[in-house]
């Protein structure tokens, strides 16, 4: 679940209409898909038993974590704990992906994830984080990120990002993946595969002594080569006993100094668009949609910098 770095502007939308367009004027995205223009009905908050360990923000309203400052260097005990939370997040994400089929609602996927996380004696990190009302994020088609699960049924041809974060034994594990629903058109399939490849190559760049800005520089080149746009408003972040912390991982060209060191843990989570990079946020305060209606895809892993390279903590076993 990404941290918001900036918001280009806010959008007010009260209509519940969803329109199907054959896009011809949107830069880069000429495929056939269902454009999301508003949120659906959101069910009540799901119950969390008393015995489940909860983060501090469950008990009181707190702002998002501060991502500025010096990154934490994890101890071996902390790393071992994060391996467990990362593996759990990856497993829940894989199981949720199997539910991403025509006719199922995103609220049903959220309900499934919620129960599976609780069964694992963990807490669904997004729930109540800065007021977020659900246990996962589900972002469809032209929703860039932070979509709130609701009563909308998945349609044939949708692409959906499912973002899962769990809080287990005091540590968070965060990952996401974009899934295809039914028969996705060629442009949508290209977008999904290109975004996955972008993340994989970003991770391969990382290691001790590497500048954090190498990630953003690579994404900038990659987007130019593939005629895509990186949605710069959302960034990767440090993670541990906190959901969001330093370092900030910028998914665009930058010269901000800072080097990776063994023991650092952070997410990389590029959002790539077939159209432009501008977004707006709906009245729920969370759902970020593309201003031009173009689709985007996102993939995310939590990684650890080791003495010799990297370890993906959210790799599915």
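Note: Cβ is positioned from N, Cα and C throughout, glycine not excepted.
Per TrEMBL, the feature domain 'Peptidase M24' maps to 81-307. Per TrEMBL, the feature substrate binding site maps to 146, 244. Residues or ranges marked as divalent metal cation 1 binding site by TrEMBL: 163, 174, 300. Residues or ranges marked as divalent metal cation 2 binding site by TrEMBL: 174, 237, 269, 300.
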**residue 237 (divalent metal cation 2 binding site) and residue 146 (substrate binding site), distance between Cα atoms, whole Å** = 15
**Fill in**
Cα of residue 300 (divalent metal cation 1 binding site) to Cα of residue 269 (divalent metal cation 2 binding site), in Å and rounded, measures 4
**Request:** Run through the Cβ atoms and count how many others sit within 10 Å of the one on residue 146 (substrate binding site).
**Result:** 23
**Request:** For the domain 'Peptidase M24' (81-307), would you mind checking the mean pLDDT of the predicted model?
**Result:** 98
**Asked** Between residue 174 (divalent metal cation 1 binding site) and residue 269 (divalent metal cation 2 binding site), what is the CA-CA distance rounded to a whole number of Å?
**Response** 10
**Complete:** CA pair residue 269 (divalent metal cation 2 binding site) / residue 163 (divalent metal cation 1 binding site), Å rounded to integer, equals 10
**Complete:** Within 10 A of the CB of residue 244 (substrate binding site), the number of other CB atoms across every chain shown is 23
**Candidates 174, 300: member of the binding-site residues with the richest Cβ shell (10 Å)** = 174
**Item:** Set of same-chain residues at least 6 away whose C-beta sits under 8 angstroms from residue 163 (divalent metal cation 1 binding site)
**Value:** 1, 126, 136, 137, 138, 139, 145, 174, 175, 176, 298, 300
**Message:** Tell me the Cα distance separating residue 237 (divalent metal cation 2 binding site) from residue 244 (substrate binding site), rounded to the nearest angstrom.
**Reply:** 6
**Request:** State the count of C-beta atoms found within 10 angstroms of the C-beta of residue 269 (divalent metal cation 2 binding site), not counting that atom itself.
**Result:** 27
